[in-house]
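Here's what TrEMBL has on this protein:
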- 38, 39, 40, 41, 42, 43, 151, 194: ATP binding site (BINDING)
- 64, 85, 86, 87, 112, 113, 114, 115, 155, 166: ribonucleoside 5'-phosphate binding site (BINDING)
- 119: CMP binding site (BINDING)
Ligand SMILES: Nc1ncnc2c1ncn2[C@@H]1O[C@H](COP(=O)(O)OP(=O)(O)OP(=O)(O)O)[C@@H](O)[C@H]1O
Ligand SMILES: Nc1ccn([C@H]2C[C@H](O)[C@@H](COP(=O)(O)O)O2)c(=O)n1
């Protein structure tokens, strides 16, 4: 398989443990999203979420949040990320699993994972979920560097020293994972060197099998909203009827009392 960087991520088999379990009756769909650092994985995932109803889980974001949470692993994660190294799978998968369960969704874009063979094997062994396919954003290294240096999102690892290390780790550890999924016919390679909208056109073509489900999902959301609105309308009418009845009873009694008092005075 040729890549630009060289030249310069189902079916659920339920797992039960202390963290909880996925519902047995649901098919869990997982799409792994890979590409060099800065290839636009996060950018495109945001578009996919909007159009196809997936939950986007960025392993980098999950690790960054964990490193800042003051957890026992926090310092180790921060140090490894600053060195561009890959955090042990046990840590990453625990975070991923928790986020997947908490989302309540059954379709996941797992961004920046699996980064190496250890990640891939651990996910398969622990989660027992086969990815539907792997979306690979392929982009020239010069463009990656330019994007990362201009990102300006305050990331500690967006400095030239760590960027070079991340490129090296991508070539040595992640490219073999792409080869693996390519050999299984599960790689969907996208030219990520183009403008964002053009890249998304290609992404949409790959994600098209999920379009019908997305429509269904949107339709069911619409009927849920309409159902809720109708319920609110019925409750409002009920309240109005109750108020009219009470007013009628109250006024009736008051009138009766008024009439009674008047007749006594006479
Ligand atoms: N097609 C594109 N053309 C130009 N700039 C882009 C494109 N896609 C993304 N960018 C910009 O490049 C930078 C990196 O994009 P993004 O954060 O989505 O990459 P990433 O692959 O998620 O990075 P990382 O692996 O480091 O988390 C961002 O500033 C983004 O706005
Ligand atoms: N599976 C993963 C994903 C990410 N990391 C670490 C190492 C990366 O350099 C860093 C940033 O990830 P990104 O936001 O660029 O996807 O996070 C990891 O160790 N394991």
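Any Cβ shown, glycine's included, is placed from N, Cα and C.
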Point to revise | Secondary structure at residue 64 (ribonucleoside 5'-phosphate binding site), reduced by DSSP to three states | key: helix
Review point. Just how spread out is the ATP site if you go by the largest Cα to Cα distance in Å among 38, 39, 40, 41, 42, 43, 151, 194?
Key: 17
Study note, to complete from the structure: The number of other Cβ atoms within 10 Å of the Cβ of residue 112 (ribonucleoside 5'-phosphate binding site), counted over all protein chains shown, is 25
**Study point:** residue 151 (ATP binding site): secondary structure state under DSSP, collapsed to three categories
**Key:** coil
**Study point:** All-chain count of other Cβ atoms within 10 Å of residue 194 (ATP binding site)
**Key:** 15
Revision key, fill the gap. Least crowded of the binding-site residues 64, 151, counting other Cβ atoms within 10 Å of each Cβ, is 151
Check your understanding: Are any of the binding-site residues 40, 86, 112, 151, 194 near ligand 2, with a Cβ under 6 Å from it, and if so which?
Key -> 86, 112
Review point. So which of 38, 39, 41, 42, 64, 86, listed as binding-site residues, have a Cβ under 6 Å from an atom of ligand 1?
Key: 38, 39, 41, 42
Exercise for review: Would you mind listing, in sequence order, the residues at least six apart from residue 42 (ATP binding site) in the same chain with a Cβ closer than 8 Å to its Cβ?
Suggested key: 58, 111
Point to revise | By Cα-Cα distance, the member of binding-site residues 64, 86, 112, 119 nearest residue 43 (ATP binding site) | key: 112
Review point. Rounded to a whole number, what is the top Cα to Cα distance in Å among the residues the record ties to ribonucleoside 5'-phosphate, namely 64, 85, 86, 87, 112, 113, 114, 115, 155, 166?
Key: 21
Study note, to complete from the structure: Nearest by Cα to residue 40 (ATP binding site), of the binding-site residues 86, 112, 114, 155, is 112
Practice item. Fill in the CA-CA distance, residue 38 (ATP binding site) to residue 155 (ribonucleoside 5'-phosphate binding site), as an integer in Å. Key: 12
